[in-house]
Amino acid sequence: MKTFTAWCNSHLRKAGTSIENIEDDFRNGLKLMLLLEVISGETLPKPDRGKMRFHKIANVNKALDFIASKGVKLVSIGAEEIVDGNLKMTLGMIWTIILRFAIQDISVEEMTAKEGLLLWCQRKTAPYKNVNVQNFHLSFKDGLAFCALIHRHRPDLIDYSKLSKDNPLENLNTAFDVAEKYLDIPRMLDPDDLINTPKPDERAIMTYVSCYYHAFQGAQQAETAANRICKVLKVNQENERLMEEYERLASDLLEWIRRTMPWLNSRQSDSTLAGVQKKLEEYRTYRRKHKPPRVEQKAKLETNFNTLQTKLRLSNRPAYMPTEGKMVSDITNSWKGLEHAEKAFEEWLLAETMRLERLEHLAQKFKHKADTHEDWTKGKEEMLQSQDFRNCKLNELKALKKKHEAFESDLAAHQDRVEQIAAIAQELNTLEYHDCASVNARCQRICDQWDRLGALTQRRRQGLDEAERILEKIDLLHLEFAKRAAPFNNWLDGAREDLVDMFIVHTMEEIQGLIQAHDQFKATLGEADKEFNVIIGLVRDAEAIVKQEQVPGGLVNPYTTLSADLISRKWSEVRALVPQRDQTLANELRKQQNNEMLRRQFAEKANAVGPWIERQMDAVTAIGMGISGSLEEQLHRLKEYEQAVYAYKPSIEELEKIHQAVQESMIFENRYTHYTMETLRVGWEQLLTSINRNINEVENQILTRDSKGITQEQLTEFRSSFNHFDKNRTGRLAPEEFKSCLVSLGYSIGKDKQGDMDFQRILAVVDPNASGYVQFDAFLDFMTRESTDTDTAEQVIDSFRILASDRPYILPDELRRELPPDQAEYCIQRMPPYKGPNAIPGALDYMSFSTALYGESDL
């Protein structure tokens, strides 16, 4: 009550009056109306001068109506209670008046009056030891908080260093005496009451402290200046943090690309199929596990860069230029190089797989043909070198000659097989087979032996021709057998070799061709069976004649080494090989049918995934153009698309599994789709990147809109005009399109030389890098910049000048007194020494510091 009485008298004395008893002196309403006129500066209705109860009630009601007109709700306070001297109601009314006219207008950082007043006390007393203002009761009991408030604004009135927390009564009396004598603030509080009361009255202390606030209101200009400086410094510190984060992310990503490129560019292998397949699996692991986090890192890097540039524009700072080699374009180029190396590496792996598979097949084929040929040549050199014909009878000699002729025919038939062996060896050399040395050595042995066989054959022929002049008679029956048996034997050998011949196919057409050829071969077996029966019949006839005529040695056919048993055995082998060949071809047909199923599975899935990605990309692009809906709606739809895309990821993973099965089955082409796994991977990554980029752009547009204070209608108009001239939907305008867009929005650009100069200055603002195009965010920033309230270097200099009492320099202690500790130290560390006239030790140059805030960063 004492505090409220003193507060009322501090204002009533301006009207030459005062009150003695707050319970009685306001009952007639006259001094209450006078008090309201003094503190509001307004004139209330003329009071009723009568002394009757209803006159008093009328006057009090006029006062209460005036309070209500100021937006104050008077709960349960009526004129009758005031007139009747109700102390509780009277004090409640006075507290309401104090709140409305002494405290409510106190605003610090948009807080409520009480919170704002408390924050003001905390800031002003922060540098003082033994002061910790947390409330309006216990925090003020020792008097140091009151003394600190006075010393902060008038250090000449109190020597704070001599005060002690152990002398609360002395502290309180010092503060109250100084405030009353020098600041015209009456003693509203009793020091003894404050010290002896466990929890002093919060309202009384708030009332008294509000008088301090109003007494020092002249210092608010300095606080406003300090707040502006804090705001600017926070912006600069946040921008520097974003720059450092960008540099770190860029360095990490570029270093990863640098480490990965040598592996992708390597073409070293151990020349084995297993080795190359291991490399292919390593590449798949890289695509599945190692690269996706880097794709996200690249998207985050671009998002951070765009956000930083937007914040720099909004805070009127110059654009951020990363260190050399770490531009977004540098990262994009390195990323493109990585993707190009990936594609080339995968193509090499697949080509190397096909090459090594071909080599393995050729090596097996070479071994098989070489084994067959070497089996045939066993004993041939000894036979050709034999002189057995010199002691033969005539018929034996002719038989030897015919036998030799058959051998020559057989030798000629083998010429093609030797050439095939040499051709396979040559192809293995051309394809760089890893064991070419042994292949070449064996091929050379076969060729050398072939030359010897040719020479020995010629020499034996000459010997037979020499003896032929003596020996004339022939055995027609054996001769006929030899004539028929030799070609049939060759046919059997060829058929047997064809039936066990190794093959490799990649398509249904190829295996069907082999099956058709085999069916055609089987169709000839009937004629072959007839020939077999004829040949065996010749032997049976010869055996019958020998048995009938008792011809010595007649069972030996002098014209051929072939026998009926050999022909019969080979014929049986051929007929047994036919169903085996049927089974081999059937197995390969099932394999190719399975490959065809994999092709169709991949194509079916790819033909669904590919268009889906394209549709999503088109939809995201359309949203990014801002064709319809507010920015919040666009952002919501983009995030819905983002969720849908991540929900669709299992389809991509399923397609990857099918693609792996396709590659493991050595399938290298697919006529059922034009999509490849590589194109779908790139499309998927581009879709994710596009969504992230568009979300970032819309968020930056919201940031621009809100910070600039433009309406949704203005933003819609800007976007509509921009899209109208963006004919190709590229998200950017050429200079002439940009000029037309400005004109359509009412921006005047003359067609004379001056107009051209004005337009070039505008272009330098919206396209600082001279890229030849204007992006929408730069266009939006330009259209809203002139109508917004942005801080400038000049404003910051003016703020520092206020703190420095109009001096051209400022002292560290002043900065520590007016700014929060971290920002004060930030300024002290970065401000250069002041070197102008009248400089004193420790003086700092706040002007060059403020200018540097809006110049190039040192980062």
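Any Cβ shown, glycine's included, is placed from N, Cα and C.
TrEMBL does not curate its annotations; it predicts them automatically.
It is 232-259, from the ranges 232-259, 456-483, 624-651, 652-679, that TrEMBL records as coiled coil. Residues 621, 624-627, 630-631, 701, 705, 759, 762-763, 766, 772-776, 779-780, 783-784 of the same chain lie 6+ residues outside the domain 'EF-hand' (713-748) yet bring a C-beta within less than 8 angstroms of a C-beta in it. With helix defined as DSSP H, G or I and strand as E or B, the domain 'EF-hand' (713-748) counts 23 helix, 2 strand, 11 coil. Per DSSP, the secondary structure of the domain 'Calponin-homology (CH)' (111-217) breaks down as 65 helix, 0 strand, 42 coil.
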